[in-house]
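Have a look at the structure below before the remarks.
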Amino acid sequence: MADGVFQGAIGIDLGTTYSCVATYESSVEIIANEQGNRVTPSFVAFTPEERLIGDAAKNQAALNPKNTVFDAKRLIGRRFDEESVQNDMKTWPFKVVDVEGAPVIEVEYLGETKQFSPQEISSMVLTKMKEIAEAKIGKKVEKAVITVPAYFNDAQRQATKDAGAISGLNVLRIINEPTAAAIAYGLGAGKSDKERHVLIFDLGGGTFDVSLLHIAGGVYTVKSTSGNTHLGGQDFDTNLLEHFKSDFKKKTGLDISNDARALRRLRTAAERAKRTLSSVTQTTVEVDSLFDGEDFEASLTRARFEDLNAALFKSTLEPVEQVLKDAKISKSQIDEVVLVGGSTRIPKVQKLLSDFFDGKQLEKSINPDEAVAYGAAVQGAILTGQSTSDETKDLLLLDVAPLSLGVGMQGDIFGVVVPRNTTVPTIKRRTFTTVGDNQTTVQFPVYQGERVNCKENTLLGEFDLKNIPPMQAGEPVLEAIFEVDANGILKVTAVEKSTGKSANITISNAVGRLSSEDIEKMVNQAEEFKAADEAFAKRHEAKQRLESYVASIEQTVTDPVLSSKLKRGSKTKIEAALADALAALQIEDGSTEEYRKAEVGLKRVVTKAMSSR
């Protein structure tokens, strides 16, 4: 890598199934990885020798299903006992265990059993995206803007920020995916300055968001947002997989439910069929020797695929109705409906949406896979003062809190302090009091959600306000102050007004939340893994170099014309040195140094022999 540090910040779309990275240097560029792909699978694989990230990890998933991790975004910031986690675990080939209420992934790596938090797995993908950018820019990248689903809660946002820290990035801002896509759309060619209401429909591999924005000049104001952090292409694949599984069982009497390799191969075939059906109306699915020597073959029509996923497709319209209702805007007032996310290529999804908007033409001018990273890179340039163009220098983003924030009151009633769709950053206050006479401590449990009963919302954390002067119940005035920053992350303070006593928390004691010590430890571990990866690559390279040199010398020695020019003694010496080099290649865990020494030794003998011909 060239010297120096990149002054700007890269934009990373950290996706459930694929990730994408962009940079801004006078204009936005989506950066391709070493395979030439502009999106990289969010996969990490562990083997007895090495760690693989991206395409290399996904390509070997069928051979190593138990140690190939994906869908980390469906675990990040969640509790182990959450229903979605429990359901997903039934479909994942890798093992997820409960560590103090948080889900942790367990794999075999370098011959040992290792545990990784979802933040660590995500950090490995982020590191890969950072390296892809560095290879293109030729400088070290230190700063990034990372995107999350608009509907991510506080815990999921903080955990994503932590993943960035573990990967060694300074995360300048966490921004919402649909908002980032709106920037890409708003800066697109031929867009006028006229005011417009734009609905962003973002259906990706694992998450779904709908955001309604008002765009005027360079000001992007999010009016409302809704979604489902557990709906996307993976779910359509799962429904297809179940259909194919029962089809195979019907035809052969064989059940592949417990065979991780067969399931991975069939899922890959299902994903391919789904993609194909976006452009044709019928396809054939074939998997040779799927299980017990039996081949799998089935034809699938687009209509059948739509039928299998009808309920899920239909459910995408609920958040659309919700954002219109929350923003108090009728559907006829929406100027553009913009499609984002790979799953919006599905014709049925497009038809349902177009029909909902009375046959409206959908806006497909932006690349659904790249728009989010594009917008993040623009925001990165603005935050680092690198945006030079007229259209970006006045750009202002006003986003919202996706879910209401508040405290638990007596009887488990949820007292809302920050209503959902409040523009952030924001500070909101609400006063509370005591429920018992002479009560000197009040506990403040902080929740996020929309239900009246606290138990049905997400508990973000709790803290105590102590040393309240003893008074009659209802007399003390306790003020809760909620501060939400531009990342959508919350800090809460409570103050007793007569004494000024206060207690505060940046929500950090929730299950699975990493302390700064945890993050530091993981950063060091990440460095160790990187060093191990590099050492493995060097060893592999040294071994390959030795192998190819040995092969070329063997060719020389066995070639009658070339070998006849060698003196008898020289030929014997070369053959002896070759035998030593081959012995070095046979060593099970040969080191880089051993391979290098063997290569140098062989070269020395060969050079001497050749020069004395």
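Even glycines carry a Cβ here, placed using N, Cα and C.
Remember, predicted model here, so these are calculated numbers, not experimental data.
If you check Swiss-Prot, you get these features:
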- 16-18, Lys73, 205-207, 271-278, Gly342: ATP binding site (BINDING)
- 1-391: region 'Nucleotide binding domain (NBD)' (REGION)
- 392-402: region 'Inter-domain linker' (REGION)
- 403-613: region 'Substrate binding domain (SBD)' (REGION)
- 516-612: region 'Lid domain (SBDalpha)' (REGION)
- 574-582: motif 'Nuclear export signal' (MOTIF)
Secondary structure tally of the region 'Lid domain (SBDalpha)' (516-612) (DSSP, helix then strand then coil): 87 helix, 0 strand, 10 coil
Entry from the binding-site residues list Thr16, Ser278 having the most other CB atoms no farther than 10 A: Thr16
Coarse DSSP state, helix versus strand versus coil, of Tyr18 (ATP binding site): strand
Which same-chain residues, if any, lie at least 6 apart from Thr207 (ATP binding site) yet have Cβ under 8 Å of it: Thr16, Lys73, Pro149, Tyr151, Glu177, Gly227, Asn228, Thr229, His230, Leu231, Gly232
Collapsed DSSP category at Ser278 (ATP binding site): coil
Residue counts (helix, strand, coil, in that order) that DSSP gives for the region 'Inter-domain linker' (392-402): 2 helix, 5 strand, 4 coil
Local backbone state of Thr207 (ATP binding site), from DSSP in three classes: coil
Fewest other C-beta atoms within 10 angstroms, as judged across Arg272, Lys274, which are the binding-site residues: Arg272
